[in-house]
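Working notes, structure below.
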Amino acid sequence: MAHHQGQEVGVQDFVLLDAVTKEKFMDNLQRRFQAGKIYTYIGEVCISVNPYREMNIYGPEYVSRYKGRELFENAPHIFAIADAAYRVLKQRNNDTCIMISGESGAGKTEASKIIMKYIAAVTNQGKQGEIERVKNVLIKSNAILECFGNAKTNRNDNSSRFGKYMDIEFDYKGDPVGGIITNYLLEKSRVIQQQSGERNFHCFYQLLRGASNNELQQYNLSRDPASYHYTNQGSTETLSEKSDYRATTAGLQALGFGGDEISMVWRTVAAILHLGNIEFRMQDEKITVANGKTLANVATLLQVTEEEMRTALTERVIAARGEIMTKSHDTVQAEYGRDALAKAIYDRMFTWIIQRINKAILVPGSATVKRYNKVIGVLDIYGFEIFDRNSFEQFCINYCNEKLQQLFIELVLKQEQEEYNREGIEWTNIEYFNNQIICALVEQPDKGVIAIMNEACLNVGKITDEMLLDDMDKKLSHHPHYSSRQLKPMDKELRHREDFRITHYAGDVIYSIGGFIEKNRDTLFQDFKRLLYRSHDPLVSAMWPEGAQDIAKTTKRPLTAGTLFQKSMAELVATLLRKEPLYVRCIKPNDIKSPTVFDEVRVEHQVRYLGLLENVRVRRAGFVHRQRYDKFLLRYKMISQYTWPNFRGGNERDGVKVLMNEKNFSHDVRFGRTKIFIRSPQTLFALEQQRNDMIPHIVTLLQKQVRGWIARQRYKKMKAALVIMRHYRKYKLKSYVQDLAIRFRNARTLRDFGKGIQWPQPPLVGRQAERQLRMLFSRWRAAMILRKYPREEWPQLRLQIIAASAFRKRRKFWGHDRKWLGNYLSIVAENSNYSSYNASVRNIKNTDHFDLVVFSAFVKKFNKCNKSADRAIIVTDSAIYKLDGAKNKFRNMKRSVAIKEVSKQQELAQSRSLTVEAAVGQMTPEFTHAGTFIVYKVPPAYASPLEQSEQQAAQNTLSQRY
């Protein structure tokens, strides 16, 4: 039915037991505890068994596993309860509360801390600083409250000795923005007296054992708790005080407590320790303080005068009918006043600490904004207690548990049965014990225990606890849940005129009447209030505003402790009734804090008084499981071909009916107005089994769909990337062209038409475009240069350019300043013996049959002795001829070379001798149609310095001209 962590043991929900008996219930609880499964459900109630060891089930992976999940989707866990409360708040915008109950040592405080950590882990996804601060304040406040409100008892090393209800406030986004802590009935009697084996509040031992030597010297304290009356009555066992003291101090600092505030807190704790050591003695019928040094320490720490402190402890001012009188105490009265002062100082300090914490987590903004916030309440209050000697504090604590049990009955057992009526399901009511009668025994006006105590406290004269017990016997003699030895003389468990018994829902508790009157009055002489109001410490003075009243003014009698507690319980119940409740019921497996021992008698007692079996019976009496139609169909629709993947034949109710009819489960279910009710666990197990069988196929289908979706997303991203790349390339190319346009915008007006302008570095995408743009620019520049020359001169100009390229860096003068004629030796102006030349050419032409003389010129021949001779050279369309000089009438020297042979030579550029090259092979393609042009050319690698300078001069001349 859920995602298991390891092998599952027993059943995860007691509702699914084959038979609802005490034996089956205990066996399932024990098997799960011994297998390390400390959480089990009863429907939506979480049963938590204290493991008495560290459990590795609260890490981030568990937070992720339970976040946003239904209770039944995972194995039972307190995280599921916390998440359910958070989801109700976010999804339905309703206030919720988590009620944690159980006896002392069952793990209630630890459960509340786990809930707080989970809520802190799943909120504030935006990492906002203020929200993170509020979360830290809420978590760090635990260490402070445990220090000043918890103590070691015989059942628990860290027992909460006060009730705590915390409202965590959330904004519309579901993030914590503040909160408030309310405390109930601090067990302040523990300050002055502890039972054997128990300790005072943790703060006293943390100060003595954790503070530095300088701090202890400042407070005039020694490290031994046995040196102080208020810490030596019970156990002086050492726990982890040193590290706890550092954690408490760090928590105070983290919550914004100032240095003077922290100092005041520890000074007050030290003052209480010294106050307990003050002793009194009678001397000449006058009471005196026996140890003045201790008195001086108390006065110094509370920042009052020593004389005022002595007077307040030994005398009392009485104002009656306008008269003021002073009355001296006897030793008993003085010790009572000292102890009452110690309790009152600690109680006021504890209340101030909680108010200061509330101030640190105060919700910012106006009341209008606050009105729209929602809250999750966490109730961590003392559990039901039965000690060897039970006094007024246990009476109040057990009354509180009666009220919470009544609330549980109202909200769970009663609503459980009312749900069947709302859903239109036939139902036979199950009888269950309603503890309203016990609550009435305590709180009924005029007849309840609290009312009888208040009446006794109001009576004039000496009223003793025995007289109170007599009055209770008279007024409660016929109540079935009250008894005493006077009413039942044969009951040997009750002491005569000392004890009375109340039969609580959790069992019989015998209370000792001793101290009930004084603890209910909770009297503190007005002298002490005036004394502390006059303290030079403004923080201490502010805790006692009543001290400002005039000494002669008659004050109204304050409400009794019982009345105040009864009112606070009524307010708490009213607060809880306004919220949607969830429950964590904590169980203590043994009294020796063992992680392996399961004390069946102790556990059975807790199961009985927590009403767990009744809860299971009511849940199981008709139907073991119920679920809303939409959630049920969502979970099981894959097991039916008619409902998978979606039901189209009507609403969710119709879909659930179709599914159950197909699987032949209709006989075991009932269809309510909004929910389906399943009668037997076997039907639910069968549904789960079929669902589990289908899960692998569903997973495969989902994997296929998800993989296809991922592939499509990747393809879309690739397509998008291509579009982005294409546009980016266009953008880069456009930017490059725009840069060129800006650089060359004035090129037309420049003398060199932009030749000297530096081209920008092209982007990668523009490299090919750069070559084309450069060619385009070169053509434009050539056109700009050529436009001043007539078209008919262009062939001559082309030949001159070719010649300039050939003679570059070789010759200074090569005839570029005259027109190209080609056959120069046939012209009279070039050759005075042109007739002889023409005759020789005709003879060669007749012999070799060429068509055209392309070029002719005089040359000089140098032999190896550097002697020269005149020669002539002609280039025809088929061969190159060498002729003798004009003196020999241009005689053919039979030294000819065919043009075809010259063009086939691939290594002519490596020869330093006179070379004939084909211009076609050397020029760019646009000049190849010019025909063949034969020139002298020496390759640069073999050119002499003179030849190189001549070629450079020729190139410069052409550049200047064109």
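Residue numbers in this text run from 1 along the chain shown.
Each residue, glycine too, has its Cβ placed from N, Cα and C.
The average pLDDT computed for the domain 'Myosin motor' (9-692) is 86. The domain 'Myosin motor' annotation in TrEMBL covers 9-692.
A C-beta separation below 8 Å, combined with a sequence spacing of at least six in one chain, links ALA106 (ATP binding site) to SER48, ASN50, GLY383, CYS586, ILE587, LYS588, GLN606. Residues or ranges marked as ATP binding site by TrEMBL: GLY102, GLU103, SER104, GLY105, ALA106, GLY107, LYS108, THR109.
Remote same-chain residues near the region 'Actin-binding' (569-591) are listed as 29, 33, 44-50, 52, 78, 81, 84-85, 88, 94-108, 111, 115, 155, 165, 182, 184, 375, 377, 379, 383, 399-400, 403, 407-408, 411-412, 597-599, 602-603, 606-607, 610, 612 (criterion: CB distance under 8 Å, separation of at least six residues from the stretch ends). Annotation comment: TrEMBL describes 569-591 as region 'Actin-binding'.
The feature domain 'TH1' is assigned by TrEMBL to 808-962.
Sequence-distant neighbours of GLY107 (ATP binding site): residues of the same chain at least 6 apart with a C-beta under 8 Å from its C-beta are SER48, VAL49, ASN50, CYS586, LYS588. Counting every protein chain shown, the number of other Cβ atoms lying within 10 Å of the Cβ of GLY102 (ATP binding site) is 25. Listed in chain order, the extra residues whose Cβ falls within 8 Å of the Cβ center of the ATP site residues GLY102, GLU103, SER104, GLY105, ALA106, GLY107, LYS108, THR109 are ASN50, ASN156, SER159, GLY383, CYS586, LYS588.
In this view, THR109 (ATP binding site) is surrounded by 23 other Cβ atoms within 10 Å of its Cβ, with every protein chain counted. DSSP states for the region 'Actin-binding' (569-591), grouped as helix (H, G, I), strand (E, B) and coil, give 9 helix, 8 strand, 6 coil.
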